[in-house]
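Read through the structure below, which is laid out as structure tokens, and then see the notes.
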Amino acid sequence: MKYMGDYPSKRTRSVNELTDQIFEGALKAEPLKDEIYCQVIKQLTDNHVKYSEEKGWELLWLCTGLFPPSNMLLPHIQRFLQSKKHHPLSGDCMQRLHKALRNGSRKYPPHLVEVEAIQHKTTQIFHKVYFPDDTDEAFEVESSTKAKDFCLNISTRLLLKSPEGFSLFVKISDKVISVPEGDFFFDFVRHLTDWIKKSRPAKEGIVPSLTYQVFFMKKLWTNTVPGKDSFADSIFHYYQELPKYLRGYHKCSREEVFQLAALIYRVKFEDDKSHFPTIPKMLRELVPQDLIRQMSPDDWKRSVVAYFNKQAGKSREEAKLMFLKIIFKWPTFGSAFFEVKQTTEPNFPEILLIAINKHGISLIDPKTKDILTTHPFTKISNWSSGNTYFHITIGNLVRGSKLLCETSLGYKMDDLLTSYISQMLTTMNRQRPGRGHSK
């Protein structure tokens, strides 16, 4: 009644304070779901106050996007909606009801974005999604959209051959977190914003910023082969691999560094040679940062120009593919890199570079870039993470060895490891012959 304006309320509230109070209980206790439907419909029956009726329809619209009623109540809700066909929201509520029946119940009350949308009389919510090549596009997201459907939508529009290995990521405050594919998109974002609110108590009168951005990127590189999917190479693989290369995480020969610098230049400027004089100033964008001082800027320029001339006539897209094909030969291609401090392995440097990729977990000497050891996923028996650490057990729990790392990115390492191992198990299960089949 407060939401619908039938019960006076002096206090100004945040947009979703009342919707939280209405729906929170029902999401925790099954019997209350029908109760909410009954109460909202009761408020909408013979309601002759225009404002109140409109607010009631907003609640019904939100409700049909969160959970379906029980089978016993369902025909009554459908009959009510059919009897109100003239109302602009009736058809949309019916569609949302069918989707809720198909996809199941959400875990959290409506997200601020959903409440604001319906209050502004819009039933379509568009979300901007950012890509690694600095472009973005808007996609429709419904209350019933799960991350997996969202990924499929994006990969179809971008003409990718498959959404396999791609993931949605939400960037909020200083964290970038991957959205599990089975989660409802708005549930995940809601959970995340609530968690950040709790972990960062508001300073005197300052509300922490909870604005977020959605990214779509390659996460698991198990089956990534440059040249197999040209759009994926052009929009994702090149732009995700480039910054890791420039940070100096890979071991590579000087010859490869010249070649790659010339290709990066070509991707930036294609055949335009007018930027040659500025090469010494843009070395940070062309050469791994730890190698820049190995030659004078003018020597770098001479070598890059020489290699550029050898690749004459190549287009921007061809240069991206050539770049990827060189990196693809390295054992660290498609890795996520983490700089950590370790205290358990006296034979390894204290500051370690950890690469997580399709081969497993590689421990790398950050100075020489030598791979000290690689633990395949099959040998990893246990791992855990917290705000300041990442722990991993290799081999069995009795005779296994432990690696304890200090890092603030434990949550990312944990999630990547979990995702790669779950992908490996899914593949193994697919390859197993069914029972009862003789080979």
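For all residues, glycine too, the Cβ spot is worked out from N, Cα and C.
Keep in mind that this is a model prediction, so the values were computed, not measured.
As annotated by TrEMBL, domain 'MyTH4' applies to 1-119.
Looking just at the domain 'FERM' (125-428), the mean pLDDT is 93. Per TrEMBL, the feature domain 'FERM' maps to 125-428.
The helix, strand and coil residue counts that DSSP assigns across the domain 'PID' (354-381) are 3 helix, 16 strand, 9 coil. Per TrEMBL, the feature domain 'PID' maps to 354-381.
Sequence-remote contacts of a segment are chain residues at least 6 beyond its ends whose Cβ falls under 8 Å from one of its Cβ atoms, and for the domain 'PID' (354-381) they are 220-222, 248-251, 331-340, 345, 348, 392-397, 400, 403, 405, 413, 416-417, 420-421, 424.
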